[in-house]
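K.L.:
Just dropping this structure here.
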Amino acid sequence: MSSIPSIPIPINDIPNKLATTLGALFIGATIASVCFGITLLQTVVYYKLNSSDPWIFRYSVALLLIFDTLHVALSTHALYFYLIQSFGNYLALLSKVIWSFPLQLLINVFINSGVQALYAVRIWKLGRKFHMILPRFIVIPVAATFGTGLYVIYDAYTLSSFLDVSNIRPCIYTVFSTMTVADFIIAGVMCFYLHKGRSMTTFSSTTKTIVKLMRIVVISGLLTSTCSLLTLISYIVWPDTLIFLTIGTFILPKLYINSLLAMLNSRKSSMWSVGKGYQAEQKMIRFAPHDAENGVADSGQTNVTIPGLDTGTQTQTNVNLSFHAAERSQSSSVGDMTFA
């Protein structure tokens, strides 16, 4: 049992307080558990499709999965303390902050900043083909998010109860505002580079892939930015509840990880489908034989090397050229060019 003394509170106030405090945390933990299952599924898909990805992405995905697992474990421990161990003692929620709760916030900072850093690496790779001004600029909001997050964690460890949350109100405003701005900037810069890459390609299938990636980037950036903004708004509107913690500490980290994995998996699956479609595509070219006047039929097979569209490798393509002499002077022969 909890050692915190129980102090009676008005019975009429208990349902409303529980609904906006423990009830909100319970709903957030339930949604986070569902998102954690989606994270596990997307991680398995990622390692099946992206085994040849750069090491920084493969190891970072594994590290993010470890952090996410710790986040779920710490969240479960905190809820167990407030819902089970302190059952019937509502004052426990107000007068004590369990140790697992600020540690969970620290894991949140690592997850959110880690995902933003991976997006920054992705932007840096895209920026090498154009210019490096924007990739260097992205470092500023990412570092600002990490710094403000650590500052909030420091203040969270100084709290003796949830009643003192109002003392760190400026820090809460700063960290979620910074995260919102950083997400919008990252999504905008990535779409800008993908749009420039789209204008440089002449293959319609590759263009469709780039457009699909742009949509995913916009959707993921809007999701995380909207979630950060909702956290800030909920704290402004309901400062005496824990609704903002439900959104910002339970749901937001899961959205970050799943949005990153969705982008990586869609990128690889789209490239694979484009490659398969390119290999299966057949084209017919009509032309007249160079010796049609003499009625000589030429035939032959020529090997042409065409650079691969997606992997940067070269694929060997057999081009079969068949010439048939015309039986009449005005007829023309047909050559079939088949891309295998």
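For all residues, glycine too, the Cβ spot is worked out from N, Cα and C.
Here TrEMBL flags 22-47, 59-83, 103-121, 133-154, 174-195, 216-237, 243-264 as transmembrane segment. Positions annotated as domain 'DUF6534' by TrEMBL: 180-269.
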K.L.:
Hey, which of 22-47, 59-83, 103-121, 174-195, 243-264 has the most Cβ-Cβ pairs under 8 Å against the transmembrane segment (133-154)?
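P.N.:
That would be 174-195.
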K.L.:
Find the member of 59-83, 103-121, 174-195 that has more C-beta pairs under 8 Å to the transmembrane segment (22-47) than any other listed stretch.
P.N.:
59-83
K.L.:
Which listed stretch (59-83, 103-121, 243-264) has the most C-beta pairs under 8 A with the transmembrane segment (174-195)?
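P.N.:
Answer, by Cβ pair count: 103-121.
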K.L.:
Across the domain 'DUF6534' (180-269), what does the mean pLDDT come to, as a whole number?
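P.N.:
Value for the domain 'DUF6534' (180-269), mean pLDDT as a whole number: 79.
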